[in-house]
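According to TrEMBL, the feature [4Fe-4S] cluster 1 binding site maps to CYS46, CYS49, CYS54, CYS71. What TrEMBL lists as [4Fe-4S] cluster 2 binding site is CYS133, CYS137, CYS143, CYS177. The annotation [4Fe-4S] cluster 3 binding site is assigned in TrEMBL to CYS147, CYS167, CYS170, CYS173. The domain '4Fe-4S' annotation in TrEMBL covers 29-88. What TrEMBL records for 128-157, 158-187, 200-230, 231-257 is domain '4Fe-4S ferredoxin-type'. Among the features that TrEMBL reports, region 'Hydrophobic' is placed at 1-23.
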Amino acid sequence: MIEAVIVLGVIGLIAGSGLAFASKYFHVVKDERIELVKDMLSGANCGGCGYAGCAALAKAICAGEAPVSLCIALKDDEIKNISQLLGLKSSESIKKKAYIRCSGGINCQNRYEYFGPNDCLLMSQYDGGIKSCKYGCVGGGTCEKACPFNAIFVNENGFAEVDYEKCTGCGICVKECPKHLIFLEGENKVNVTCLSEEKGAAQKKYCTTGCIGCKLCEKTCEDDAIHVNNFLASIDYTKCTGCGKCVEVCPCDTIKI
């Protein structure tokens, strides 16, 4: 009996010593800054930074593996606050917003009646979509449902519109649009709200706001920043000054600022 107690005592002593050793040499020091940084991020877990969520990004920032400005939802003063917390040099982020290359909606004829669920992918699958313009927004609101910031919605005219006060440029809507109509560009950019390469005469038959390739914008621009190719105007944002002259001469109200 005494021998058994002694054996158990020795086993307990050995096990306790092993646990103490493991606790000392395999102890992981928790970086308390991670939780602080996570709480200072947007908390939307949008994935626009390329990480799985805000917690993963916070860990990467504290480890020096990612810049603070990688969180596109942060304002410049918030970037500065996090940088100061970590003792880093603050850098302003390059802000981008979502721009939609379609303003058709009720301005564009429907090819057939649709009675299914409001889902852009489903609405686009049958014969190119419900719109006469195969390039156009079908207005199903898939981008609206996907946006974690409530920054995009289908307006009363039946096409997607962005609330630029709320848009963070996370890019989720870009990935969700089956028509590939949404692009990320720098703030306050001139936007050609059309992606159709149909000839002008054909375009005018079914859409009143589509680009007809008239080249008035191209001829008016003094900075050589807008050109018409394949009957569609496109802007070189490295040259565009945002003067708005192309907006003024566009006969179809396709170009907006």
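For all residues, glycine too, the Cβ spot is worked out from N, Cα and C.
Automated prediction, rather than curation, is the source of TrEMBL annotations.
Locations of recorded TrEMBL features on the structure.
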| residue | record | contacts (Cβ under 8 Å, 6+ apart) |
| --- | --- | --- |
| CYS46 | [4Fe-4S] cluster 1 binding site | ALA73, PRO148, PHE149, THR168, CYS170, ILE172 |
| CYS49 | [4Fe-4S] cluster 1 binding site | LEU57, ALA66, LEU70, CYS71, ILE72 |
| CYS54 | [4Fe-4S] cluster 1 binding site | LYS38, LEU41, SER42, GLY43, ALA44, ASN45, CYS71 |
| CYS133 | [4Fe-4S] cluster 2 binding site | GLY104, CYS108, SER196, GLU198, GLN203, TYR206, CYS207, GLY210 |
| CYS137 | [4Fe-4S] cluster 2 binding site | ILE100, CYS102, GLY104, GLY105, LYS131, GLY158, PHE159, ALA160, LYS179, LEU181 |
| CYS143 | [4Fe-4S] cluster 2 binding site | CYS120, ILE152, ALA160, CYS173, GLU176, CYS177, ILE182 |
| CYS167 | [4Fe-4S] cluster 3 binding site | LYS97, ALA98, PHE149, ALA151, ILE152 |
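For the domain '4Fe-4S ferredoxin-type' (128-157), DSSP puts the residue distribution at 6 helix, 4 strand, 20 coil. Mapped onto three states, the DSSP output places CYS54 ([4Fe-4S] cluster 1 binding site) in helix.
Within its own chain, the domain '4Fe-4S ferredoxin-type' (158-187) has Cβ neighbours under 8 Å at 42, 44, 46-48, 72-73, 94-106, 120-121, 124, 129, 135-139, 141-144, 146-152, 195, 237, counting only residues six or more beyond its boundaries.
Around CYS147 ([4Fe-4S] cluster 3 binding site), the C-beta neighbours below 8 angstroms that are at least 6 residues distant in the chain are ILE172, CYS173. Here the domain '4Fe-4S ferredoxin-type' (128-157) has Cβ contacts under 8 Å with residues 44-46, 73, 98, 100, 102-112, 114, 118-122, 163-164, 166-168, 170, 172-173, 176-179, 181-182, 194-198, 203, 205-207, 210 of the same chain, all six or more residues outside its ends. With a cut-off of 8 Å between Cβ atoms, the residues of this chain six or more beyond the domain '4Fe-4S ferredoxin-type' (231-257) that come close are 103, 185-186, 188-200, 203, 208-214, 216-218, 220-225.
The residues near the [4Fe-4S] cluster 1 site, meaning same-chain residues not in CYS46, CYS49, CYS54, CYS71 whose C-beta sits within 8 angstroms of the mean position of the site's C-beta atoms, are LEU41, SER42, ALA44, ASN45, GLY47, GLY48, TYR51, GLY53, LEU57, LEU70, ILE72, ALA73, CYS170, in sequence order. What surrounds the [4Fe-4S] cluster 3 site, by Cβ distance within 8 Å of the Cβ centroid and not counting CYS147, CYS167, CYS170, CYS173, is the set CYS46, ALA98, CYS143, ALA146, PRO148, PHE149, ALA151, ILE152, VAL162, THR168, GLY169, GLY171, ILE172 from the same chain.
Confidence annotation: the domain '4Fe-4S ferredoxin-type' (200-230) carries a mean pLDDT of 94 in the model.
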